[in-house]
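> Straight from TrEMBL, here's the annotation block:
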- 12-37: region 'Disordered' (REGION)
- GLY51, ALA53, ASN58, SER298, ASN330, LEU395, ASP398, SER399: Na(+) binding site (BINDING)
- 74-92: transmembrane segment (TRANSMEM)
- 113-144: transmembrane segment (TRANSMEM)
- CYS156-CYS165: disulfide bond (DISULFID)
- 213-232: transmembrane segment (TRANSMEM)
- 244-267: transmembrane segment (TRANSMEM)
- 287-312: transmembrane segment (TRANSMEM)
- 324-349: transmembrane segment (TRANSMEM)
- 383-402: transmembrane segment (TRANSMEM)
- 423-448: transmembrane segment (TRANSMEM)
- 454-478: transmembrane segment (TRANSMEM)
- 499-520: transmembrane segment (TRANSMEM)
- 532-559: transmembrane segment (TRANSMEM)
Amino acid sequence: MARNELKAAILVDGPSSLAPRKDSGTSSGSKKQPDRGSWASKTEFLLSCAGYAIGIGNVWRFPYLCYRNGGGAFLVPYLLMLFLCGIPLFFMESSMGQFGSTGCITMFRMSPLFKGAGFAIVIVNVICTMYYNVIIAYPILFIVMSLRKTLPWEDCDNPWNTDHCLKLGGVTQLEKNVTSQMNLIAKTKTPADEFFHNHILKISDSIDHIGGIVWPLFVCNIISWIIIYLCICNGVKTVGKVVYFTATFPFVILFVLFVRGITLPGAMDGVLFYIMPKWSELLNLKVWADAAIQIFFSLGPGWGGIVNMASYNPFRNNNRLDSILVPILNCGTSIFAGFVVFSVLGFMAHKTGLPVSSVATGGPGLAFVTYPEAITMLPFPQLWSILFFFMLYLLGMDSCFVQIEAIITSVTDAYPNLRKHKLLVTLGSLFVLFLGSIIFVTNGGMYILQVFDWYAASISVISICLVEVIVVGWTYGCKNFVRDVEFMIGEKIHWWWPLCWKYTTPVILSFIFITTIVFNTRITYNGMPYPAWAVGLGWCSCLVSILCIPGYALCYMIFKKGTWRENFERGTNPTNKWGPQKPEDREAWETFCKTEGRLLCGTVVINGESVTKC
């Protein structure tokens, strides 16, 4: 048969035409590979998803964004983005992982031209878990310091304090008595601020002075890596058991902190400040951008975690309800955390005589400076400090070990024989990540951390999600994907889902991508701008993952045997390894595609290579 005829040949003579050939490397023809493992119950999957999605950002980012962007009015764009983008992406990624029973690299068997996005996911996770584990090491050190008779950030009488240290109550007195000395007020720092920067971080003057290792942080970093290894050493077997505690206990602590906070004097002032709607803010484009970005980064699509966790589900699990429940739980937790935070900030404002707006902050400043400062004003401050930082650690650890597991699963799915050595693969991976994290526990580590946090993930993860919706909506095709999902869960899905996957969600992702660039201000830390080389380093950390996408596609087109047209057609159609991995599920799927599916499936023979086409 001539080449052109080979390229167009579609064999649809029966279910066997779709079946992988014996040399395809699938389970039907090759030597049986070690088992991937699976969740022991649906509860383990749901708790893992909840622990992954509900992280530190729910506590230190959402409450601040909400008050800054119109209070209660912010919930309008936030909830809209949840239903138009967050939930559809969650359902799409969990379906991709569950249907193919595979990780974030091999899931692109559904459209191999875009496999570079899978490598991008791994690179982003490698970069971000290195510094993220250092962030969750901070609470460990705070917990140790909280065991003292007096919290070390209560006053200014410590070796690390400077002449600029002044308690918040002192600031009030200074404002009352020396109102003309505004420059002096601007230079003052709270005891908690100096404790965090001068004692915990031992921070240098700038990013130009990296300095040496901060040994207490180094030790806490090691402890955190060891704990994570113990949690994930046997994959989902251990993760599934650990999440019963790590994903539920933070809610207990959050509720206890809420009850304590809401009963404090001045708490309602803080709560009203948090929820009071400012409807005029809805006309501000940045408010909508912040809502979309918060939903996007809170739920965690594009990181491989959702795909990876769903890949361990039973094939027939109905993941549609799961994909609605987890994002709504995440959203509710963010809103509830705002009450916990602002009730205490209201008390802090009441105690010091300052307005709530002057004590409200977001990000690490809230978690490691402002909230600890407020805790010192409570009765039994050591108890509340230990509870708060233990909650932060658990929230961060859940997210971290799911991301690391996504890296390891990607490697073991690409090289299945490594599953026999899972303990060693996990240990080796964590050791490499630990070595990479050492730079973040130096005197200048916080500056480096901010650079990577600012640049490494944002644009990269949005780009990855855009590739995913292009693959599902346009190259593989929504009709085919809907057919696969309906076969998998055993029931029809609403037209709303393919509408979002093909049109609504890509538009919103494009909006997030553009606004992330437009509103991207020059990076600073404590008001100090970064030098050009640091900004360049940040962009390199971003591009090293993004360039995998066009880079792999270009290599595929150039080095694959065949013409560019043949390679493009082959690269935008699923390989014959895509689909259910268990033989019984695969055989049923082939029959479904042939007799009940919306489109017939068959094998396209391109340049002598079989490619599944639906």
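Quick reminder: no glycine exception, Cβ is built from N, Cα and C everywhere.
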> Under 8 Å between C-beta atoms and at least six residues away from its ends: which parts of the chain pack against the transmembrane segment (113-144)?
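Hits for the transmembrane segment (113-144): 56, 103-107, 200, 216-217, 220-221, 223-225, 228, 302-304, 364, 368, 372, 385-386, 389-390, 392-393, 396-397, 399-400, 403-404, 406-407, 410-411, 433, 436-437, 440-441, 445, 448-449, 452-453, 456-457, 460-461, 463-464, 467-468, 470-471, 475, 541, 544-546, 548-553, 556-557, 568, 571-572.
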> With pairs closer than 6 in sequence left out, are the transmembrane segment (74-92) and the transmembrane segment (499-520) joined by 3 or more CB pairs under 8 Å?
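In contact, yes.
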> Against the transmembrane segment (532-559), which of these stretches has the most C-beta pairs under 8 Å: 213-232, 287-312, 383-402, 454-478?
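By the under-8 Å Cβ criterion, the transmembrane segment (532-559) pairs most with 454-478.
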> In sequence order, what residues of the same chain, 6+ apart, have a Cβ less than 8 Å from the Cβ of CYS165 (disulfide bond)?
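When sequence neighbours closer than 6 are ignored, CYS165 (disulfide bond) has CYS156, THR188, LYS189, THR190, PRO191, GLU194 within Cβ distance under 8 Å.
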> Can the transmembrane segment (213-232) be said to touch the transmembrane segment (383-402) if we require at least 3 CB pairs below 8 Å and skip pairs under 6 apart in sequence?
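Taking Cβ pairs at least 6 residues apart, the transmembrane segment (383-402) and the transmembrane segment (213-232) are in contact, with 3 or more under 8 Å.
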> State, in range form, which of 74-92, 244-267, 287-312, 423-448 has the highest count of Cβ pairs under 8 Å to the transmembrane segment (454-478).
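Ranked by Cβ pairs under 8 Å, first place goes to 287-312.
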> If we skip the immediate neighbours and take only residues 6+ beyond the ends of the transmembrane segment (324-349), which ones have a Cβ under 8 Å from one of its Cβ atoms?
46, 49-50, 53-54, 58-59, 62-63, 66-67, 75, 78-79, 82, 86-87, 90-91, 168, 251, 254, 257-258, 261-262, 264-271, 273-275, 294-295, 298-299, 355-356, 358-360, 366, 370-371, 373-375, 377-378
> An 8 Å radius from the center of the GLY51, ALA53, ASN58, SER298, ASN330, LEU395, ASP398, SER399 Cβ atoms defines the neighbourhood of the Na(+) site; name the other residues of that chain inside it, in order.
ALA50, TYR52, ILE54, GLY55, ILE56, GLY57, GLY300, THR333
> Counting Cβ pairs closer than 8 Å, which of 74-92, 244-267, 287-312, 423-448 has the most of them with the transmembrane segment (383-402)?
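Ranked by Cβ pairs under 8 Å, first place goes to 244-267.
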> Give the nonlocal contacts of the transmembrane segment (74-92) in its own chain as ranges (CB under 8 Å, at least six residues past its ends).
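65-66, 281-282, 287-288, 290-292, 294-296, 298-299, 301-302, 306, 319-320, 323-324, 326-328, 331, 335, 465, 468-469, 472, 481, 497, 500-501, 504-505, 508-509, 512.
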> Helix, strand or coil at CYS156 (disulfide bond), per DSSP?
coil
> According to DSSP, does CYS165 (disulfide bond) fall in a helix, a strand, or coil?
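Assignment for CYS165 (disulfide bond) reads strand.
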